[in-house]
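Visitor: Marked as active site, nucleophile by TrEMBL: D8. Sequence annotations record features per position, and here TrEMBL assigns Mg(2+) binding site to D8, D10, E168, D169. Per TrEMBL, substrate binding site is recorded for D8, L9, D10, W24, S51, K75, S113, A114, S115, K116, N117, K144. Annotation source TrEMBL lists active site, proton donor/acceptor at D10.
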Amino acid sequence: MKKAFIFDLDGVIVDTAKFHYLAWRNLAKGIDFDFTEEQNEQFKGVSRVRSLEILLDMAKYTATQEQKEVWLVQKNEEYLKYIQKMDESEILPDVPRVLDYLIENQQGIALGSASKNARPILERVSLLDKFQAIVDGNDVTAAKPDPEVFVKGAQALKTEAKDCIVFEDSIAGIQAANAAGMISIGIGDPTVLHEAFHVFTNFTELSNDFLQELIAS
Ligand code: G6P
Ligand code: MG
């Protein structure tokens, strides 16, 4: 049976969620707002523009459009500084094992990320060639929890939604996968990702036997 496995990027394949958090926290400091890791959960999977809106709402800060544009550039510039230093050590545990197992078993593999920096990140960690399709923030108009990014991933792999499995670390991403009619698998904290079909703290807990069950189901 051929299935399509669609991977989110930040927090699933690479440990970049921490860099997004650091860059937003620094920006928040500039308007005297103490941005916590708990609040950051709401930013995961959410586009850059929407993240800034949420941050300003949390801080109860009204900004002009010009100021917002400046902050969006500033946030991305800081984020890119972290990314430029990335190498294969930033790949999350057992991601290569899972990707290689799926490739050996002739399964479809796509990326479904809100990030506009997805391709350079995959290049930096030498994983770009593992993906048959890449759908990222440059390809979608509606952000997660809208299912658009995963629907496009499924189309790119010519696979029906019911045969797609999505790996996600964000609440918005799990909701997007569920809305698309796909099997959502949370990678992270089960209490945060309780809407997912299955949750694993990380890929080391997700065995090849479990992957085989997904393939065969
Ligand atoms: C991912 C991250 C979000 C980030 C979004 C846009 O979904 O989880 O935290 O805001 O991508 O990323 P970008 O690299 O385009 O700013
Ligand atoms: Mg993510």
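Using the three backbone atoms N, Cα and C, a Cβ is placed for every residue, glycine included.
What you see is a predicted model, and the numbers here were worked out from it, not measured in a lab.
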Visitor: Output: those binding-site residues from D10, S51, S115, N117, E168 whose CB lies less than 6 Å from an atom of ligand 1, in sequence order; none if no residue fits.
Guide: D10, S51, S115, N117
Visitor: Which one is it: of the binding-site residues S51, E168, D169, whose Cα lies the shortest distance from the Cα of D8 (active site, nucleophile)?
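Guide: Answer for the nearest of the binding-site residues: E168.
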Visitor: Tell me whether E168 (Mg(2+) binding site) sits in a helix, a strand or coil according to DSSP.
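Guide: Going by the DSSP assignment, E168 (Mg(2+) binding site) falls within a strand, counted as strand.
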Visitor: Would you list, in sequence order, the residues of this chain other than D8, D10, E168, D169 that have their CB within 8 A of the centroid of the site's CB atoms, where the site is the one recorded for Mg(2+)?
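Guide: So the extra residues in range turn out to be F7, L9, G11, V12, A17, K44, G45, S113, F167, S170, G173, I187.
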Visitor: Sort the binding-site residues D10, E168, D169 by C-alpha distance from N117 (substrate binding site) and give me just the closest.
Guide: D10
Visitor: Mind giving me a neighbour count for E168 (Mg(2+) binding site)? Other Cβ atoms within 10 Å of its Cβ, every protein chain shown.
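Guide: Total other Cβ atoms inside 10 Å, all chains included: 30.
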Visitor: Scan S51, S113, S115, N117 for binding-site residues whose C-beta lands under 6 Å from an atom of ligand 2 and note them, or write none.
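Guide: Qualifying residues: none.
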Visitor: Here's one to test understanding: among the binding-site residues S51, S113, S115, whose C-alpha is closest in space to the C-alpha of D169 (Mg(2+) binding site)?
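Guide: If we rank S51, S113, S115 by Cα distance to D169 (Mg(2+) binding site), first place goes to S113.
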Visitor: Rounded to the nearest angstrom, how far is the Cα of S115 (substrate binding site) from the Cα of D10 (Mg(2+) binding site)?
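Guide: Counting only the Cα atoms, the answer is 8 Å.
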Visitor: Could you check the binding-site residues S51, S113, S115, N117 and say which one's CB has the most other CB atoms within 10 Å?
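Guide: Result for the most crowded candidate: S113.
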Visitor: Just report the maximum Cα pair distance in Å for the recorded substrate binders D8, L9, D10, W24, S51, K75, S113, A114, S115, K116, N117, K144, no decimals.
Guide: 21
Visitor: If you count other CB atoms within 10 A of each CB, which of D8, D10, D169 wins among these recorded positions?
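Guide: Compared across D8, D10, D169, the most Cβ atoms within 10 Å surround D8.
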